[in-house]
Amino acid sequence: MFIIGITGGTGAGKTTALRVMEELGGYVVDCDELYHDLLRESEMLKLEIVEQYGDVLTDGQIDRKKLGEIVFRDEASLLELENISHRYVKDELGKAMDIQRRNGRRLFAVDAIALFESGLSELCDVVVGVIAAPEVRIRRIMAREGIGEEYARLRVNAQKPDSFYRERCNLILENKDEPPEIFASHCRKVFSEMLMNR
């Protein structure tokens, strides 16, 4: 099974790249979505987060906004949350890979902002970084999630700069401020060539 890691900051355009990957027959695991599922369903993860950050629950569930207000303002808190969550995500991702491998899947994509920091990049044959200008990302996050500019800016500023991805990834896809169809077309071309040369 050929495993491609897709990484980059929030709002950079990874979702568009991943849709193209699915069109090409890939099975995609969104590690952010997997993490949010775990926040809702894993009592062990909830317990660890509450022990570390205090009362971040609303109606028995982790309140992502409360948690975000803590971790996006303090780098040490963010790193600790990442350390906690990476263990759970890596375990679930490994299970998904095993299932897809047994089912004969030929292409598997791992979507993770923290692909390198979590150690998930070691599971990938190729790592692709998707980048975009910070202002473009902030605008997209605000529109997509209905949040204010200050909170969106905090999220973007808490993430790695483009240089981090340029230095570590095998391939960079730069998402300029264009319609998504143009970026998707570029992704389709790049991924198709990558798969043909596999």
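We number each residue from 1, going along the chain as drawn.
Here the Cβ of each residue, glycine as well, is placed from N, Cα and C on the backbone.
For the recorded site, T15 (ATP binding site), the DSSP three-state label reads helix. Look at TrEMBL and you will find G11, A12, G13, K14, T15, T16 tagged as ATP binding site.
Summary: among the binding-site residues (T15, T16), the fewest other C-beta atoms within 10 A of the C-beta are counted at T15.
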